[in-house]
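In what follows, a structure is listed as structure tokens, so that the remarks can point back to it.
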Amino acid sequence: MFGILKALVPFTLYVFLYENFALFSLADNAWLILLAFVLYDFCYYWNHRLGHEMSILWAAHVVHHSSEEYNLTTALRQTSGSFLSWIFYLPLAFIGVDPLLLLSVGSLNLIYQFWVHTQHIKKLGWLEWVFVTPSNHRAHHAQNQVYIDRNYGGVFIIWDRLFGSFQEELDQEPVIFGIRKALHSWNPIYANIHVYQQLIKDSWRTKRWSDKLRVWFGKTGWRPADMERDYPLGRVDLTRFKKFDIPLSTLRKVYGLLQHGLTTLIGLMFLLNITNLAIAQQLAIIGWVVYASVSVGEILAYKVAGWWLEIGKYLSLGLVILTQPLVGWFALTLGLFALISLVMWPRLKKEHKHIDEEKVDLATTG
């Protein structure tokens, strides 16, 4: 529901600007549609670039970059708090890009970006000069100094070449994926708020009023002098980098996959039936999905709190099955998920007791 509102309000403003202030119309023929596609990517470039270079925008975009893996799932790792990115596309309304055309070219732009999140495709010859490719996008996702804040294009890499932000992937500089302040967590809430937390702390603590504002709208990574002095964050030594990779047994992997399947099923049913749900029901389901996502992350990280969260998750799920008029197959499926999970609990708890704590600690340091 929140995501729908977040998209609907800016789109309504875009439609208003298009209908009242458009200077041209770019929806008449194929060439104009192609032009709209190119212009959209130009706007995306600046949206993406500022998303890295301004603290308040980076606080949202960081979710996509916090993964220390790089594969197709990384493309799906998106923020829940991108409130300002729509501003960069408003100029297209004045140029005359039809709202429906905007949605179309935006969707194509997004779909294109999916395939470049892979380590299995090497450099692609002359295409590297024109398009975003797996190679130059790998450089974009790196935390190595040479690659930081480079390669912002969505479809076309020509913007980076034009505006001085291009960096080729180098054979002598293997990419280290992730962010300088590593998450060391599988908690999706923390992944979405950890940069905001730091900005709030610095803004609250710093003495100068101008710095309280600059913390948010200054260059990413900038901190007031008194914060650097009184609350230093330390520097990252990439020569000692260790990926966050807690060793998981096959049983725990299967359990995690099962829980994600359950959460996905409930999320899908929510989207299919959202118009039939009251606001309170919508909020309850959204809250449950977020809660369940946090819970499974804690279980996979061998956190004791994870067990209590899982108990609460399945108690609430059982209450829904018993009290709500659910479709038969859906209620049966939920019950089956719960039954299989409960059967796995004794072995998981036994495994949890005997886990080598040193291995878990090592996975969260470096």
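Just so you know, the numbers here start at 1 and follow the chain as drawn.
For all residues, glycine too, the Cβ spot is worked out from N, Cα and C.
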**Message:** According to TrEMBL, transmembrane segment applies to one of these ranges: 7-25, 45-63, 254-272. Which one is it?
**Reply:** 254-272
**Item:** Number of helical, extended and coil residues in the domain 'Fatty acid hydroxylase' (34-165), per DSSP
**Value:** 82 helix, 4 strand, 46 coil
